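Here is the structure we will look at.
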Amino acid sequence: MQKLNTAAQMRLMDQTAMHGQYAIAPAVLMENAGHAVVTHAETAVHGWQGKDVVILCGKGNNGGDGFVIARHLLNRGARVYVYVLGTVESYSPEARAHLHTLQELADEETCLIDYFAPSDKAWDRLYRRLSSSQVVIDAILGTGFHGTLRMPVSRIVNMVNEVAASGTLRVIAVDIPTGVNADTGDVSGSGDEEAAGPVFADMTVTFGVWKRGLLLYPGRTCSGVVVCDDIGMPRPLLTGREDDGAYMLEESDISEVLAPRSPDSHKGTHGTVAIVTGSSDMAGAALMAARGALRSGAGKLFLRVPARTAPYCIGRQAEAMVRGVGTGDHFTAADAAEIIEESRNWSVLAMGPGMGKQEDTRMFLKEVIAHTSCPLVLDADALNLLAGERDFIAPYGGRIIMTPHLAEFSRLSGLPLADIKKDCIAAAKQFVREWQVTLVLKGAPTVIVSPRTLHAYVNPGGNAGMACGGMGDILTGMVAALAVHDGMTSLTTAACAAVWLHSAAGDICHDTYGSYGFLPMEVADAVPRVITRLEDSRPLPVLQRPLVTEA
Ligand SMILES: NC(=O)C1=CN([C@@H]2O[C@H](COP(=O)(O)OP(=O)(O)OC[C@H]3O[C@@H](n4cnc5c(N)ncnc54)[C@H](O)[C@@H]3O)[C@@H](O)[C@H]2O)[C@H](O)CC1
Ligand SMILES: [K+]
């Protein structure tokens, strides 16, 4: 599981590595950082030998990395054109030291150093240099960036993007593309045509651990292929838990918790999943949630829908045990007692997809939440019906997973959409602090937050082909089924596993059908292939090893 740090967490990591107990000399980390960029980018630029490389060095330590990069490129046979955007005095001691070393290597043929002072001639010279080079190294701003880009940086960034757009220039970003906010992925100039956008990189070599802005949109769009190099940071700093923790979900994390089934298991072993949802015109949502649960290994699947919806569901999914409830086309308070009674035999209960927003359905929902004891997965209309009901939900939060998309989250929490998008991890954590549920904030990317630790788990998978009605209904069923899967240690683990599997299945559909047009049911049907892939990558437990191995 990769840590996703903020700029402040990176500064603390640096401080501890350099000035705390580990006492690594700052110049050493900067040396390692610069060397990492040259090494990791070599393949991407098809070798450095004979290349003309522009290195744009900002006035902070990101720029210092650039001085180191220049030296290593010389050793690999490149010609370097170094633009120094800071004054020598403005640099840290380690950056100044590396600049001094580079100055000793400066010559007319292979190592030109330009102390950039904006003038018409200087802009024209830079433009021509970029246009005649094959690679530009963005060592302008790293984790120290904030706000919006200002002159002359803003004009330099626009120039780099303009020349790169003509296809002749490869852009390598140092640590993070200039203009991307390391904490939120927000970018300089977003929403302001006048301001410069961020650097659009083909590749980013980031140091120590990932920054959140490399995985969150729109920053992710600017980062290209991201490679993370530990640059020799002490391991406890790379893997240690952070107070305000955020982590990127990886295949190995999911593989670990999807415990293989023991050969002597039976349907009762794998949980009784109940889905109580749907309404007159939304039978499909109920069926998609059912499919998601079945494809994720539910042992038994009960589907309870309003009486008038039942005819449209019965027999549509043979494996689901369907029954109509009440007499109408939506759930009412009078239907609660029957569901509460039945829930004694259920391992988990999911509600919401296509449930409708009638007031008496809200009464039904609150009655069921208050009088059941099994884990609950609440999605879609269930969330719309619970908008503002924080004080009601919080006491039950420990057994509730909520799965809103951004608009539902805005209605539920009362937060404006723009504020959520500005820092979705912070918004998600604050919500969980108050509502005390496990939150799955669906989006690009999806963020899961644990009520126990308030740590956030970001899922990198999925694609735009999944942006269609019904995908969330499938996920609801998957979350319910994973909540009762043997290997799950918590509702948060189950939610992470379901979200990861859902997006991996969506990526299989993307590869199979194309960038969009595949159906939610096809995503559900691809889930077993993902589970098999995970199992194939894991040594078989003794119980499942073939009794007779090939002679
Ligand atoms: N362990 C590590 O990760 C290491 C990281 N290194 C590199 O150090 C930078 C962070 O260095 P820092 O000096 O803190 O910040 P920057 O270089 O990003 O630049 C800050 C500099 O820029 C000015 N600034 C801020 N916002 C703007 C803006 N909107 N427009 C213009 N200028 C802006 C600010 O005033 C500062 O002066 C990290 O990213 C790594 O690349 C170490 O080299 C090795 C260890
Ligand atoms: K940069």
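Just so it is clear, glycine is given a Cβ too, placed from its N, Cα and C backbone atoms.
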Check your understanding: Need a hand: TrEMBL gives Lys442, Gly443, Ala444, Pro445, Thr446 for AMP, which of Gly469, Gly470, Gly472 is also on that list?
Key -> Gly472
Exercise for review: With Asp138, Thr178 listed by TrEMBL as binding K(+), identify the candidate in Asn32, Asn61, Asn62 belonging to that site.
Suggested key: Asn62
Exercise for review: Go through the binding-site residues Asn61, Asn62, His146, Thr178, Pro445, Thr446 and pull out the ones with a Cβ less than 6 angstroms from some atom of ligand 1.
Suggested key: Asn61, Asn62, His146
Point to revise | Rounded Cα separation (Å) that holds between Thr143 ((6S)-NADPHX binding site) and Pro445 (AMP binding site) | key: 21
Check your understanding: If you measure from the Cα of Asp175 ((6S)-NADPHX binding site), which of the binding-site residues Asp138, Lys442, Gly472 is the nearest?
Key -> Asp138
Check your understanding: Which is it, of Asp138, Lys442, Pro445: the one of these binding-site residues whose Cβ has the most other Cβ atoms within 10 Å?
Key -> Asp138
Exercise for review: Report, as a single number, how many Cβ atoms besides its own are within 10 Å of the Cβ of Ala444 (AMP binding site).
Suggested key: 18
